[in-house]
């Protein structure tokens with residue numbers, strides 16, 4: 001309890017509040033432009049966080065994360081184009097409601113539901129992360145090795161249409177992660193004479209290249225065009241109408257929290273599952289798809305309640321479950337914070353302050369969203385051909401400013417171009433990040449376990465926790481085969 005109180009005091013400093021407000025507004029703006037996502041906005045910011053205080057940078061990241069998830073609903077409602085993948089289900093009832101002259105009401109439903117989901121998720125983070133940390137204190141090198149393997153395999157297989165490509169992406173990430181000096185032998189690995197990377201590839205450079213450059217290149221490829229000329233019409237939501245959605249928020253919030261904790265699931269799955277469950281539970285399901293506000297509420301609350309809950313395994317175990325969690329982990333590593341059980345004892349004020357920031361930005365999102373609805377709609381008129389060069393300039397400037405080295409800029413560009421073509425070929429990008437972060441963790445844990453057990457391989461299956469993790473890994477590996485068999489049976 002004292003740690004939570006100390007965290008709230010750290011989170012409400014003027015610098016932190018300003019960073020959260022700026023991040024929330026920027027997140028909504030980015031999310032409102034189709035093709036731009038939270039990962040892009042956070043990757044753009046990452047190189048600039050070197051000079052910030054930990055809670056200032058994390059507060060801005062929290063604002064971007066929560067804000068962008070709501071921002072994706074704006075074009076989904078006004079133009080039938082999801083701004084982010086998580087807003088796919090919002091289109092089903094949001095656009096019909098806007099077409100009936102109630103665009104403002106639809107946007108307000110999405111905004112209130114997004115804020116409700118973000119609040120539920122932040123509360124879940126506060127309640128669930130500390131007990132998980134207490135449990136994680138029982139882990140040794142063997143358990144951390146299996147956790148790293150589980151994180152890589154689950155995200156690789158669940159995010160990829162072709163499991164082999166997901167595994168290949170993860171292995172590529174592991175290869176990138178081991179670049180530099182071997183901490184045991186002191187030998188250089190995959191340096192190729194480039195002294196600048198003898199200490200490894202900078203995580204901020206890698207994340208910026210993977211998540212910021214490919215969308216910019218895709219915009220350039222699509223040529224300059226305006227996204228639309230959307231307007232906000234009608235009246236907004238009343239308090240009575242908002243209170244009528246509370247049951248939907250609670251149901252969808254629970255689904256989003258559960259999905260968020262699962263590695264590789266993501267807000268898009270949470271939104272779709274929440275929408276499907278709300279439609280199933282409704283007595284008058286025929287109204288869904290024709291402008292039912294419950295459909296918007298379920299989708300937006302579901303995908304936003306995934307936000308903070310997806311950070312539970314990241315903060316407690318040091319294992320990011322998706323690309324946004326990996327970016328958050330990257331921001332922490334830049335500040336010298338190592339996510340995991342030790343983070344809560346060594347930097348408790350920062351980690352609990354960050355939890356409060358995830359909660360506070362949910363309320364800031366309400367204020368910014370209500371005040372700037374018209375402005376965010378006008379952002380849809382910006383030509384994408386103008387945005388792409390701006391993104392490339394910001395990426396290059398931020399990367400150079402962080403290290404004063406053009407080598408990092410070239411690495412970022414090479415990584416970004418490679419990621420663009422890999423994505424075009426069907427290789428998912430998130431497993432690359434997971435491999436780069438978890439690969440070294442798996443290697444060091446594996447070595448420590450062998451040293452402690454004096455080379456006994458049976459030590460890797462000696463504890464109940466290890467056996468449970470092995471069973472989960474086997475289940476994840478068999479899941480694609482089961483899914484393929486189910487599709488064959490359905491087609492037969």
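Glycine is no exception: its Cβ is also placed from the backbone N, Cα and C atoms.
According to TrEMBL, the feature domain 'DUF112' maps to 17-434.
Here TrEMBL flags 20-46 (among others) as transmembrane segment. Same-chain residues lying 6+ beyond the ends of the transmembrane segment (20-46) with a Cβ under 8 Å from its Cβ atoms: 57, 59-75, 81-85, 204, 207-208, 210-212, 215, 218-219, 227, 323-324, 327-328, 330-331, 334, 357, 360-361, 364-365, 368-369, 372, 376-377, 379-380, 382, 384, 387, 391, 394-395, 398.
Annotated transmembrane segment per TrEMBL: 58-78 (among others), in sequence order.
Positions annotated as transmembrane segment by TrEMBL: 105-129 (among others).
Annotation comment: TrEMBL describes 141-160 (among others) as transmembrane segment.
The list of residues near the transmembrane segment (166-185) in space but at least 6 beyond its ends in sequence, with Cβ under 8 angstroms from a Cβ of it, reads 152-153, 155-160, 191, 197-201, 206, 422, 427-440, 442-444, 447. Residues annotated as transmembrane segment in TrEMBL: 166-185 (among others).
The feature transmembrane segment is assigned by TrEMBL to 197-217 (among others).
Under the heading transmembrane segment, TrEMBL lists 253-276 (among others).
TrEMBL lists 315-334 (among others) with the feature transmembrane segment.
Positions annotated as transmembrane segment by TrEMBL: 354-377 (among others).
Under 8 Å from some Cβ of the transmembrane segment (384-403) lie the Cβ atoms of residues 33, 35-36, 40, 43-48, 50, 202, 204-205, 208-209, 212-213, 215-217, 219-220, 222-225, 227, 409, 412-413, 416, all in the same chain and six or more residues away from its ends. The transmembrane segment annotation in TrEMBL covers 384-403 (among others).
TrEMBL lists 409-438 (among others) with the feature transmembrane segment. Below 8 angstroms of C-beta separation, residues 148, 151-152, 155-156, 159-162, 165-177, 197, 201-203, 205-214, 216-218, 264, 319-320, 322-323, 326, 329-330, 395-396, 399-400 of the same chain, each at least six residues beyond the ends of the transmembrane segment (409-438), sit close to that stretch.
Look at TrEMBL and you will find 458-482 (among others) tagged as transmembrane segment.
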For the transmembrane segment (58-78): best-contacting stretch of 105-129, 354-377, 458-482, by Cβ pairs under 8 Å: 354-377
The transmembrane segment (315-334) in contact with the transmembrane segment (141-160), cutoff 8 A, at least 3 CB pairs, sep 6+: yes
Contact ranking winner - 141-160, 197-217, 354-377, 458-482 against the transmembrane segment (105-129), Cβ under 8 Å: 354-377
